[in-house]
Structures are given as structure tokens and as C-alpha cells.
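In TrEMBL this protein carries:
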COMPBIAS  168-180  compositional bias 'Basic residues'
COMPBIAS  185-195  compositional bias 'Basic and acidic residues'
DOMAIN    10-148  domain 'Spermatogenesis-associated protein 6 N-terminal'
REGION    168-208  region 'Disordered'
REGION    216-235  region 'Disordered'
Amino acid sequence: MSRKALKVLVELKFRAVSCPGVHLPAKYGIYLSMCFMGQYRMSDCLPAVFPLLFHEKMTFEKIFRHAVDPGDIAVMLEYETVRTELVQLSPPVGDTLAFFEEDARSFLFPEPKLVPSFSGVEREVLMTRAPHFPGIAPRLEFSTKTTIIECSPDAQIIMYPNVPMRPVLKRSRRQSRPKKQPQSLERRRSSRCDTSRSQSLSPLRTGNTERLAQLSLNSADPDLNNWDIRSASQS
């Protein structure tokens with residue numbers, strides 16, 4: 001009796017759902033739901049405006065305890081169903097606008113082999129629209145990555161949370177402007193300048209005592225003159 005099992009780890013990256021020229025009459029939010037390998041996931045909710053840019057990754061995991069090689073996995077995946085729905089939050093329970101359903105083997109490996117050469121690249125499929133959906137069928141853009149590894153038959157599956165992906169932004173060719181210095185740095189520099197000005201006018205610095213004494217002698221207040229002269233002589 002074999003004491004090993006095979007674990008299938010699938011990463012799905014949803015990019016967008018596009019439907020050119022279609023404007024939904026209801027403005028309730030829309031999300032993607034997926035049921036795969038006995039697990040159910042939902043994406044974040046977006047405004048009801050096409051294209052819907054989801055940029056979200058979903059990870060599914062299942063342990064096939066009676067599989068001994070990848071060929072067994074290929075056969076078992078034919079009995080697994082993948083269903084993705086585009087749902088709008090219309091009261092009271094939501095409204096399915098379109099869906100896509102296929103067996104897991106055809107969904108993960110479109111070519112007639114277990115490990116295709118283009119695994120993980122961008123793919124597009126047309127969803128089946130509901131009868132009340134206005135316009136053409138929505139197009140689902142996604143990519144898949146499948147990993148098969150050996151594990152213990154007693155291993156437990158891991159429930160992975162959804163992960164939002166940062167969309168790829170094109171860098172601007174314009175020359176970048178110099179960054180503004182923080183206000184705190186500007187304040188420190190201005191305070192240093194003020195300090196240097198105050199130090200340059202200090203009566204205790206060399207060359208300023210004589211000028212201060214001359215100004216004091218020209219003053220009309222005799223007491224102030226005596227104080228300035230004593231201060232100048234002491235320095």
C-alpha cells in the first residue's frame with residue numbers, strides 16, 4: 001500500500017472582465033465568484049462599469065490521496081468542475097450576469113498534455129451571458145499556474161486568502177521633476193540661517209564691539225552710554 005499522496009496547488013490570477021459597448025442599467029456593485037475543488041471564493045466588489053479590472057489572485061489546493069502519478073491526476077481532474085460567475089449585488093440575493101463552466105483538466109491544461117509549455121500565461125475565455133444581460137458575452141481575462149507535489153496522506157489542505165495584485169503601470173518618459181524637500185528640512189535650514197544672522201550681529205564678536213560703542217556714544221541717554229561703554233571694555 002502506497003503511503004504517499006499528490007497535492008495539486010492552483011493559482012488563478014484574474015485580470016479583467018471586458019464587454020465593449022455594454023452599459024448596465026443597474027448600478028449595484030459586481031464581483032467574481034469561483035467554485036473549484038470543493039472551495040468557494042469571492043473577489044472584491046467593483047463599480048458596475050466595464051471593463052472590470054479585478055487584479056486579484058485566488059489559490060486553491062486539493063490532496064488526491066489515491067493518486068500515485070500525474071497521470072492519475074489528469075484523469076481525476078476531468079471529474080472536477082470549475083465554475084466562475086459574474087454576480088451583481090442586486091437585491092434581494094444578487095443577480096448572475098454571466099458564467100463560465102468547464103472541467104478542471106480542460107480549464108487548467110487546454111492542450112492534450114498534463115504540463116503545457118505556456119502554463120501561467122494570459123488567457124481569455126468567453127462567458128455565457130444570462131438571458132437578461134444586455135449586449136455581447138463578457139470576456140474573462142486570467143492566467144493559471146498549477147503545481148503537483150508529493151505529500152503525506154495525512155496532510156491537510158490550506159485555505160489561502162485572496163490576494164490583491166498591483167496592476168502593471170507604464171513608466172512615464174517625461175523627465176522627473178526634482179523632489180520638494182520636506183518642510184521639516186526647510187525649517188531646519190531657515191532656523192540655521194536665522195541663527196547665523198543673529199550670531200553675526202552679536203556685540204561679543206570681534207569687530208562689532210567698537211561699532212556698538214560708537215553707536216552708544218551718540219545716544220542721548222547717558223546711562224545707556226555708560227552701560228554700553230562698560231560692556232564694550234569688558235569684552
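Glycine is treated like the rest: Cβ placed from N, Cα and C.
TrEMBL labels come from automatic prediction, so no person has curated them.
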Exercise. Along the domain 'Spermatogenesis-associated protein 6 N-terminal' (10-148), what average pLDDT does this model show?
Worked result: 90
Problem set entry | Secondary structure composition of the domain 'Spermatogenesis-associated protein 6 N-terminal' (10-148) [DSSP: H/G/I, E/B, coil] | 13 helix, 68 strand, 58 coil
